[in-house]
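Look at Swiss-Prot and you will find 70, 71, 72, 73, 74, 75, 177, 178, 180, 219 tagged as GDP binding site. What Swiss-Prot lists as GTP binding site is 73, 89, 95, 180. What Swiss-Prot records for 39-55 is compositional bias 'Gly residues'. If you look up Swiss-Prot, you'll see 2, 15 marked as phosphoserine. Here Swiss-Prot flags 2 as N-acetylserine. Feature annotation from Swiss-Prot assigns phosphothreonine to 95; the stated evidence is a large-scale study or a structure entry. What Swiss-Prot lists as region 'Disordered' is 1-56.
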């Protein structure tokens, strides 16, 4: 395996000019406690994208983490967004208040996560659930697959029924969690049983239009990142544009698979239209870890200043099966990770030129670094990849 670093081409006009990308702790920041259940964090439109980091909290879609006590809600939040080791989550205390976590370090992975205590009483007159649900983009209900889930299914039905009546545009996601201790057959049977019972309860209540999405998850593998990627993608209005840009890029560059990663959380916010192979996704996640770890050792200055990931970040890893992993910085918190064959990588000049066009298009979509305050009602037009090269020949349009 070889690891190479190279200097990025001339920075794009309008690109961010900060010397450092990530803070030294390389994370999203300190968790904020929500002191009152019905206070603060007002609601933007259900599945709409948030404004830039400088925008008001009310502009950001919310993701609610709900479920019974000890189902793993806080562990999921800590592992995905705060880089906590899964083994350390064993020492987390049970949540007894609503905690709000502001995820706003990039131009579009920009939302709030509200972690709810296990026994939330919707009939408590002091709990304004209508206000909370009205400003929510997605509700994630976590079910412990290793425990008796009948009570969890009852609470799931009560929760999604009330939420749907307040905000029918909300996305409803069910994490069948802690499946690492189950056999493959048991996982499939548990998912089938929970899926059947939950949808039967909704049908009996006349809520056939309410759609639940189910995911098998564990914090001890990449399944929780894969599931959260799917949840976050539904909150990104620019997702079709991103997928289209990735499809154009890989088809003109001889690349087999490409992911657009949020580097901090390792959530992929977009990929091309080909099916996602879990092994490929895990390989790309591991590459990000390797690049950041090596950069932290060799890329920082003697006084510890600098950043492990910045506008010059680029890495190539060649595997012994003729597969090449190629990572390039796209924006301040985004990286493009590609999987391709060694023979395709011989045309690196073509790939780099097409990547430059792709990167410029991404900057145009999100206007990264142009302004920190953008009205949420403003809709940025999606650019096309002009002058993209195919087989080494530039052309005016695609």
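Cβ coordinates come from backbone N, Cα and C, glycine included.
There are 15 other Cβ atoms within 10 Å of the Cβ belonging to residue 70 (GDP binding site). Around the Cβ of residue 74 (GDP binding site), the number of neighbouring Cβ atoms within 10 Å comes to 20. Comparing residue 72 (GDP binding site) with residue 89 (GTP binding site), their Cα atoms are 9 Å apart once rounded. Sequence-distant contacts of residue 89 (GTP binding site), defined as residues of its own chain at least six apart whose C-beta falls under 8 angstroms from its C-beta, comprise 72, 74, 75, 78, 79, 219. Of all the Cβ atoms in the protein chains shown, 16 others lie within 10 Å of the Cβ of residue 180 (GDP binding site).
The distance from the Cα of residue 180 (GDP binding site) to the Cα of residue 73 (GTP binding site) comes to 16 Å. Geometry remark: residue 70 (GDP binding site) versus residue 95 (GTP binding site), CA distance 9 Å.
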